[in-house]
Structures are given as structure tokens and as C-alpha cells.
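Undergrad: This is the structure, below, for whatever I ask next.
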Amino acid sequence: MLRRFLSIRRLLRMPATEAGDQYSVWVGLIYIFNLIVGTGALTLPAAFARAGWGLSTISLLFLAFMSFMNATYVIETMACANAVFKWKRLQFIKRNSIQDHDSDEEPGTSQYPYGDLEDPLVCGDSIPSRYYSLDKRIELGEMANLFLSKMGRTMFYCTLCVYLYGDLSIYSAAVAKSVMDIVCSTVPSNLTNTTDWDTLPCFNFTSSDPSVYTRLDCYRVALLTFVGVTAPFIFSNVQKTKYLQLFTSGMRWLAFAIMISMAIHLLIGHGPQGKPPAFDFTGMPTLFGACVYSFMCHHSLPGLISPIRGKNRLGLHLALDYVLISIFYLLLAFTGAFAFAHLSDLYTLNFVPTDNENIFLEIVEYFLALFPVFTLSTSFPIIAITLRNNLQGLFLDTTRLESYNFILRKLLFPIVTVLPPLLLTYFLEDIGILIKFTGSYAEDIIRVNLLFLGVDALESMKE
């Protein structure tokens, strides 16, 4: 009896993350900050200028609050899913103990320690509150398996995979194009009507040699290099990107500080060049899309939260992270909207490298032009690992993941994760349609699913 009690106690307290793989809450907030603050932030100044500073401020703060609420829904659902897994594990052990005591002829009646998960589950007062935790990483797909019907699970997995594959494709193409624009010569103004810039020579526009190194060649080399550098992280876990996250986080803060400082310098030296209205509802669709995309992080929250040590005040720390990000967004958008008479859709294009005699300013301009590379280099592994984990949850039994073949578990799924975006962006460098599809259809459905999961879990706990 004592041995059975100790085994139950050990199983219920078994950590899902090794101690060496954990990190402090502040490092976790840096992960979340890096995931949220990506290229979406660079679209905010132009969106502010079109929709007006008053309407934009109200909309950004409201959508930041809604994004934070959705994040708390994900956390609540993850805690509920942890409780369900622990409860079913305990019931399995108790049931087997009784059966073993009654008869020695039936040593085991089930191969699955968590019971049958085919039917949708709810967790309410029948599950003790001490079982609720965030120790075990449970991806959104696994939560869908617990709380949604078969049709809901299918729709959720399809939507999530489409969104994440689309995100990886967009990130790959954005980095490759940014590097191509920096490495290759600037396209002359008399060639602005060229329909296919990628076939132009990279360095010498007057060359007619068919074997010359083209902009498309540079794009593909940059794409393969980017994927080759970031792909190894996909074969491990999020914690292994810790130092990459810390380094690029410093680069982000520096880039934001430079852009805000340069805009303030222009405002002080030349006065407001831009004159955005207070309210212009015709710019609301663009503003809404930019704000939603700028706060999107929910798909990767489970993998970032579970390794955090000391989650007692996680909600408060997460709220502080959102407040800090909102302040950064408002500073960036306000200074940009008033400092420039004409704003590019991507804010860094207002700081494109020029033949500047001041070498320091030229270095700063090149640094800002590389800002998308810094931001996406950290977001790409996180999103890829999230997609890999959800694909494993779709096709494998995650409760006995270690029992599967090493090649299937450690090699096949990472390759399946990174190969489709690589092939798509290698042969289709113009992915404007994919950006629109990923940013509107798939993202909106994911947010609805997240809200449904969270509300369903909260309501079920009250029953």
C-alpha cells in the first residue's frame, strides 16, 4: 500500500520539464516580447497615419487588452488540461491497483496512462484544485483533443497548421528579400516600371550577360542560408534558443530606440512633416489588421510558459509585458506618423541606406534595414517548434512520445515542418496572396478557436 501511494505521489508530481531546461520568468517574458514584437510593429506608423492618431490609439489599446485576455484564456485552458491529465493518470493507477488486488490473472487492462481521450472532456469541481498547474507543456492541438469534438479538432488543426506554415513562409521570404535589397545595388528610378525586378542583375544593371548573378539568385542564396542557420534549432526545444533570444532582444531594443530617436530628432529639427487626422474610419481595416498581427503570440504560449520557474504571478508579469509593448508601439507609431510626410508600409524603408557621407549614419541605416532579419531570426525557430509539436500531437500519441522511433520523432517531423515553407518561398518569392490569406482568414479563425477553448474551460470549471 505504501509503495502504491508513493508511486501515485511521484507520478502526480513528476515535472514535465527538466530543471536544467527551465528559465526565469524574466527570460520567459523576453521570449514572449520577441515573439510579439516582429515585423507587424513596423506597419503601425503607416496605419496610424491613415486611420488618425486618436482612433489608432483607442484601437491599439483595446486590441492589446483583447490579446492579453486571449493569452489568459490560453493559460487557463493549459492549466485545465494539466489537471485533466493528472486526474486521468491517478484514476488509471487506482483502477489498475484494484484490478491487480482482485485478480493476478489480468496484469494490465490499458496501454494508455491517461485513459480514453476520444470524447470531449470538461474539468470542473470533480477535479481537485491542486492538480491545476502549468508544469507540463500541452500544445493548443492537445487542448483541442481534450475539449473539442472531432469536427472541432479537425478544423482547429487545419487552421493552425495553415497559419503556422504561412507564417514560416512569410518570415523566410521577408528575411531573404531584406538581405537581397541590402546586398544588391539599388534599383534605378528609371526601372521602377519593370514588372520582374528579380531577373535584374544584382550588381551591374547595364550588363546583358545571361549568366550574370541576378537578384533572384541572391534571394535564393539568402533564403537557403537563413533556413540553414535557423533549422538546427527546430530539432531541439525552445529553451535551446535562449542566448539567441537574449542577443536579438538587445538588437530589437536598440533598433526601436534608434528609430524613435531619429524621428524625434526630425520633429525637433524640422517640425511635424506628417499631419495625420484625429479620426479617419476609412483607414480602420488596415489599422485593425496591423494591430491584430502586432499582438499575435497565442499559438506559441504553451511552449514558452511551461519552462518558466515560479509561475505564481505569471498573469501580472504578462500584463507588464503587454504594457511595455503597447508603450513601445505608441512611441514608434506617434513619432513616425508626425515626423514623416510620406510613410512606407514597412517603417524601416523610411531609413533605407543612402550614399551618406557620415559613416556613422550609414551604419545606422544599414542596421535598421536589417531589423526584419534580427526580429524574424528569433521568431522563426519558436513558430517552427510550435508547428512541429502540434504536428506530433496530430499524428502521434504525445503521452508516450519517447516510445516512437528516433528518426520519426527527432528527424521526420522537423523536416516536415521546415521543408514546405522552404520549397514554397524558393520557387514563389512573391507571396502577397499568402500574406493576405494568413493574416486574415487563418488568424481570425485561430483567435475564435482560442476564445472558444478558453471560455469553454472556464465555464466547465464553474459547473
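Yeah, the Cβs are placed from backbone N, Cα and C, and that goes for glycine too.
Pasting the relevant annotations from TrEMBL:
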DOMAIN    23-77  domain 'Amino acid transporter transmembrane'
DOMAIN    138-440  domain 'Amino acid transporter transmembrane'
TRANSMEM  23-48  transmembrane segment
TRANSMEM  60-85  transmembrane segment
TRANSMEM  155-174  transmembrane segment
TRANSMEM  219-238  transmembrane segment
TRANSMEM  250-269  transmembrane segment
TRANSMEM  281-301  transmembrane segment
TRANSMEM  322-343  transmembrane segment
TRANSMEM  363-387  transmembrane segment
TRANSMEM  407-428  transmembrane segment
Undergrad: With DSSP as the yardstick, break the domain 'Amino acid transporter transmembrane' (23-77) down into helix, strand and coil residue counts.
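TA: Across the domain 'Amino acid transporter transmembrane' (23-77), the residues distribute as 50 helix, 1 strand, 4 coil.
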Undergrad: Given the cut-off of 8 Å on Cβ pairs that are 6 or more apart in sequence, determine whether the transmembrane segment (363-387) and the transmembrane segment (23-48) share at least 3 such pairs.
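TA: The answer is yes, given that the two segments have at least 3 Cβ pairs within the 8 Å cut-off.
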Undergrad: Output the single range from 23-48, 281-301, 407-428 maximising the number of Cβ pairs under 8 Å to the transmembrane segment (219-238).
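TA: The stretch with the most close Cβ contacts to the transmembrane segment (219-238) is 407-428.
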Undergrad: Are the transmembrane segment (281-301) and the transmembrane segment (407-428) close enough to be called in contact, which here means at least 3 C-beta pairs under 8 A that are separated by 6 or more residues?
TA: no
